[in-house]
Amino acid sequence: MAEKKGSSSEKNLYCTFCGKSQHEVKKLIAGPSVFICDECIDLCNEIIRDEQPSTEAKDGRGDLPTPAEIKANLDNYVIGQDLPKRTLAVAVYNHYKRLRHKDKAGKDEIELAKSNILLIGPTGSGKTLLAQTLARMLNVPFVMADATTLTEAGYVGEDVENIIQKLLQSCEYDVERAQRGIVYIDEIDKISRKSDNPSITRDVSGEGVQQALLKLIEGTMASVPPQGGRKHPNQDFLQIDTTNILFICGGAFAGLEKVIENRTEASGIGFGATVKSKKQRSISEVFQEIEPEDLIKFGIIPELVGRMPVVTALAELGEDALVQILTEPKNALVKQYSKLLAMEGVELEIRPAALKAIARKALARKTGARGLRSILEQSLIGTMYELPNADNVEKVVVDESTIEDGKAPLLVYREAAKKA
């Protein structure tokens, strides 16, 4: 009943859905012989919003961007690394195209295998940023795991199933969405086999973890506790199929270049061999000649190498690339610090010579793009401490001496600026 008569002969209107009277709610909207309150409308909107991601995931999330569009988006955030970006764009495009094909395919259709990706490159070259940018663009659940924290089941440390649990948490335990997500496993080179010879002690954080990752990467049903953990022993685990999860593994693989050089040099012996000095070739150039056998010799087990067919090497970043990273990307460091100072009503100017000095310092530290923030932070820390209490500061100027000699940045005051 939408209407009920009270003792005072006046009509009271009630929500048809929850039964609350017009006096208990803010608004009651009338339809043909029905009424709905504002609270029920809000609840309906929440239900529709919650169901939308699952529907989009099942449908393949609308239009799939082409490899060129994926690369163009990566260009906004990652400087250089053209070949890895192209390789990643094609691999990701083919992966999600494969999922669409799988949804529509009949029993007699050709099955398309999954191509997981291995990124090799020095620290600070953009491996993690590439994976994060991809996941953000495709609007799929993304999780980043550190291989160094993983151990075999039964030992202190994280089990490999914890990776899938984190993926579920990132999409609020929506199983359908999680099964189409992206997992980035960093520092994969740190779990390499410790030696070729079998040892009496167990290698619980090396080869043991690689064995545990095998099935997860290839595709298996992983058992994950439900949200909030199991409340009682009879509560079922969530079953997650990892077949359609794209795994991207990354690592610096320090020392792998020596393995590659030993193999390539061994092929040319005697008077006919071409002699090329090691100093003439950069690490990234050597990595271009990588073969699966090199990874196996490094300590990655053959089964795991076979499950990562797409291997791409990131180049070392030079001075020019580091200067571009400081200024050009969407979230460039200079833009970030300019925004921070703009909140104090102060403009930030970093001169070209200072940018080059920052790049040179990062190169000397051998930390890649990751070292840029600490250098810039170090040069501005004193100024950022004083600025909130300083009056009439219009501009902060960072020049070469600020970076190289540790001098304080130049402060331009409003009165001086007007006179100039």
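Using the three backbone atoms N, Cα and C, a Cβ is placed for every residue, glycine included.
Annotation source Swiss-Prot lists Zn(2+) binding site at CYS15, CYS18, CYS37, CYS40. Taken from Swiss-Prot, the feature ATP binding site covers PRO122, THR123, GLY124, SER125, GLY126, LYS127, THR128, LEU129, and the record attributes it to sequence analysis. What Swiss-Prot records for 3-56 is domain 'ClpX-type ZB', and it gives sequence analysis as the kind of evidence.
Annotation for CYS15 (Zn(2+) binding site): same-chain Cβ neighbours under 8 Å, separated by at least 6 residues, are SER21, VAL25, LEU28, PHE35, ILE36, CYS37, GLU39, CYS40. Taking every protein chain shown into account, PRO122, GLY124 are the binding-site residues, and of these the Cβ with the most other Cβ atoms within 10 Å belongs to GLY124.
The most crowded of the binding-site residues listed here (THR123, SER125, THR128) is SER125, judged by how many other CB atoms sit within 10 Å of its own CB. Taken residue by residue with DSSP, CYS37 (Zn(2+) binding site) is part of a strand. The ATP site is set by PRO122, THR123, GLY124, SER125, GLY126, LYS127, THR128, LEU129; from the centre of their CB atoms, other residues of the chain with a CB within 8 Å are GLY121, GLY250, LEU314, GLY368, ALA369, ARG370. Spacing of THR128 (ATP binding site) relative to CYS18 (Zn(2+) binding site) is 49 Å (Cα to Cα, whole number). The DSSP secondary structure for SER125 (ATP binding site) is coil. CYS18 (Zn(2+) binding site) is 53 Å away from LYS127 (ATP binding site) when you measure Cα to Cα. Confidence annotation: the domain 'ClpX-type ZB' (3-56) carries a mean pLDDT of 78 in the model. Taking the Cβ of LYS127 (ATP binding site) as centre and 10 Å as the limit, one finds 26 other Cβ atoms among all the protein chains shown.
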